[in-house]
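Here it is: the structure, laid out below.
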Amino acid sequence: MITAITRTALPRATLRTSLATMSTIRAKHTLPPLPYAYDALEPSISAEIMNLHHTKHHQTYVNGLNAAEESLQKASADGDFKTAISLQPALKFNGGGHINHSLFWKNLAPTGSAQVKVPTSGVFYDQVQADFGGFENLKKEMNAKTAAIQGSGWGWLGYNKATKKLEIVTTPNQDPLLSHVPIIGIDIWEHAFYLQYKNVKPDYLNAIWNVINYEEAESRLKAAQ
């Protein structure tokens, strides 16, 4: 049925051109190295969690994305429209997981480092003051909205290019943030905190601010503006 509808909606030549484009050989995605040691975020996030989160969970998304893209490439080359369309959820889930975690690792920094000191000046500081009235208000609002996510997902501080403001947004599962430029992301999947904080999300959310990389947030905001 999907194949029949697709063929009716688009000329055959157009479909062949589109599928040929998708079948272009791509390099495999790889797990990015952490910019710090697994125990660098302790006591806020344990070394055990960081090791499992990075080497097992993130690696699974990378593997899933590579497998889905390989299947899509084959389906596209074969003109198998139904299979190509059916792969979209896997591409979204695993691709989102890879993107989200790659951003997440970089917006964290070692305990006690210069990067985790709450800024008192700069572009990010000024924007937070203007949009939230200060960092404590930002933390309170972002923690509340992230904790309220039903099931798994992500809490984001994103920059809205239309309004030129920082806004708090949540996304379900591994959906990437598309409506805003990601500035800070917080993983609220259980694998990010359960071994250490059990089911007490507020404790995890309060602790993670001790290792937020404000220098990375400053850099992302400057690039977004």
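For all residues, glycine too, the Cβ spot is worked out from N, Cα and C.
Feature annotation from Swiss-Prot assigns transit peptide to 1-27; the stated evidence is experimental evidence. Positions annotated as Mn(2+) binding site by Swiss-Prot, on the basis of similarity to another entry: His53, His101, Asp187, His191.
Mind mapping these onto the model and telling me what they sit next to?
Long-range Cβ contacts of His101 (Mn(2+) binding site) within its own chain (separation 6+, distance under 8 Å): His53, His54, His57, His58, Tyr61, Asp187.
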Show which residues of the chain containing His191 (Mn(2+) binding site), separated from it by at least 6 in sequence, have their CB under 8 Å from its CB.
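Result: Ile49, Leu52, His53, His57.
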Mind giving me a neighbour count for Asp187 (Mn(2+) binding site)? Other Cβ atoms within 10 Å of its Cβ, every protein chain shown.
24
